[in-house]
Amino acid sequence: MNSLKNCPAPAKLNLFLHVNGRRADGYHLLQTVFQLIDHGDTLHFDLRDDDRIRRVTDLPGVPEESDLIIRAARLLQAEVLRRQGALPRGVDIAIDKVLPMGGGLGGGSSDAATTLMALNYLWQAGLSKEELMALGLPLGADIPFFIFGETAFAEGVGEAMRPVRAPDCWYVVIEPGVAVPTAAIFCSEHLTRDTPVVIITDFSSHLEKQNGFKGFGKNDLQQVATKLFPPVAEAIEWLGAYGDARMTGSGACVFCAVATEEEADAVLAKVPARWKSWKAKALDRHPIIAKL
Ligand SMILES: C[C@](O)(CO)[C@H](O)COP(=O)(O)OP(=O)(O)OC[C@H]1O[C@@H](n2ccc(N)nc2=O)[C@H](O)[C@@H]1O
Ligand SMILES: Nc1ncnc2c1ncn2[C@@H]1O[C@H](COP(=O)(O)OP(=O)(O)OP(=O)(O)O)[C@@H](O)[C@H]1O
């Protein structure tokens, strides 16, 4: 096979995100539930006759050399060389970018994860899921989750995961129009880092019941992000009239769960024109799995 077209790189929502501590290296210990949703970027891969890895779509603000897609592809290419003694063929990678950067939707990580999974298949590299997850982690904390590929409860710095059942619902998402730099939120002196560790049965039973779509726990990064970026606070306040609105990841996007697509449409119809907004359905599994 010489190409793989229309490979999905879906967004994630952090249904809650607790900061439980900080490691000696500065990284934070988290507990979170990652939910995949059916809204995201799309990538296309065409193998080349030489060994060059190229991005063939311009991505304003992201030079090709620092793009997580290119860095992920190079990492896997080097790993194949190490294992098989020969460089695999190069590849042209095109991207239809939909997810906002600095949105807390994991866009860059999802693009990188899709790249690792698609090239592992195209190059017949033979890495296991666990090996791909470990390869991706140094590039971005959310990459292992996207390769894990199903709704997950994650601990540690986000890399220790187990599957969890979450409601089959819809989400309304608002993009407040600002890009939040993840590192600045984690560095803040105002960030609380002492939320008690929760026991898994607490929230899995809660998630299954989803009492009136009131979410479990909270997002500990929200307090810092809303202070630094007032549009995030405004979007949470506005969406809060329709449900338990909260931020995903380190922001800026804000979401709330609703039971049906019709309910999502009714909320979307009222969102002020200054914000971009959309609906998405919860996904149990990563949609690329069906293609590989
Ligand atoms: C907050 C989440 O979105 C939750 O899903 C992710 O953990 C963030 O993932 P990400 O954007 O891929 O973040 P990375 O590029 O890995 O890290 C950016 C910066 O955030 C901080 N960081 C990130 C993850 C973590 N567990 N602790 C941290 O302190 C570090 O300063 C790091 O340099
Ligand atoms: N393919 C890519 N797509 C988006 N951003 C990229 C990509 N490659 C590198 N980046 C860099 O990563 C930064 C974070 O982008 P991303 O879309 O992953 O943010 P995010 O959704 O806030 O992530 P998270 O939820 O993991 O915190 C961007 O500002 C950009 O500089």
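Placed from the backbone N, Cα and C atoms, the Cβ positions cover glycine too.
TrEMBL entries are annotated by machine, without manual review.
Fair warning: this is a prediction, and the values are worked out from it, not measured in the lab.
Here is what TrEMBL records for this protein:
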| type | residues | note |
| --- | --- | --- |
| ACT_SITE | K12 | active site |
| DOMAIN | 68-149 | domain 'GHMP kinase N-terminal' |
| BINDING | P100, M101, G102, G103, G104, L105, G106, G107, G108, S109, S110 | ATP binding site |
| ACT_SITE | D142 | active site |
| DOMAIN | 219-276 | domain 'GHMP kinase C-terminal' |
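Residue counts for the domain 'GHMP kinase N-terminal' (68-149) by DSSP state, with H, G and I taken as helix and E and B as strand, are 50 helix, 6 strand, 26 coil.
One way to see the shell of the ATP site is to take the Cβ centroid of P100, M101, G102, G103, G104, L105, G106, G107, G108, S109, S110; the remaining same-chain residues with a Cβ within 8 Å of it are A11, L99, G249. Checking the recorded positions P100, G106, S110, D142 against ligand 2 with a 6 Å cutoff on the Cβ atom leaves G106, D142, in sequence order.
The two recorded residues, G104 (ATP binding site) and K12 (active site), have Cα atoms 8 Å apart. The Cβ neighbour count for G102 (ATP binding site), using a 10 Å radius over every protein chain in view, is 20.
Note: K12 (active site) has non-local neighbours F34, Q35, L36, I37, L105, G106, S110, D142, F145, F146, T248, G249, i.e. same-chain residues 6+ apart with C-beta under 8 A of its own C-beta. Ligand 1 lies under 6 Å from the Cβ of the following recorded positions, listed in sequence order from K12, G102, D142: D142. If you average pLDDT over the domain 'GHMP kinase N-terminal' (68-149) in this model, you get 97. Figure note: comparing Cβ neighbours within 10 Å for the binding-site residues P100, G104, G106, G108, the maximum is reached by G104. Secondary structure by DSSP for the domain 'GHMP kinase C-terminal' (219-276): 25 helix, 9 strand, 24 coil.
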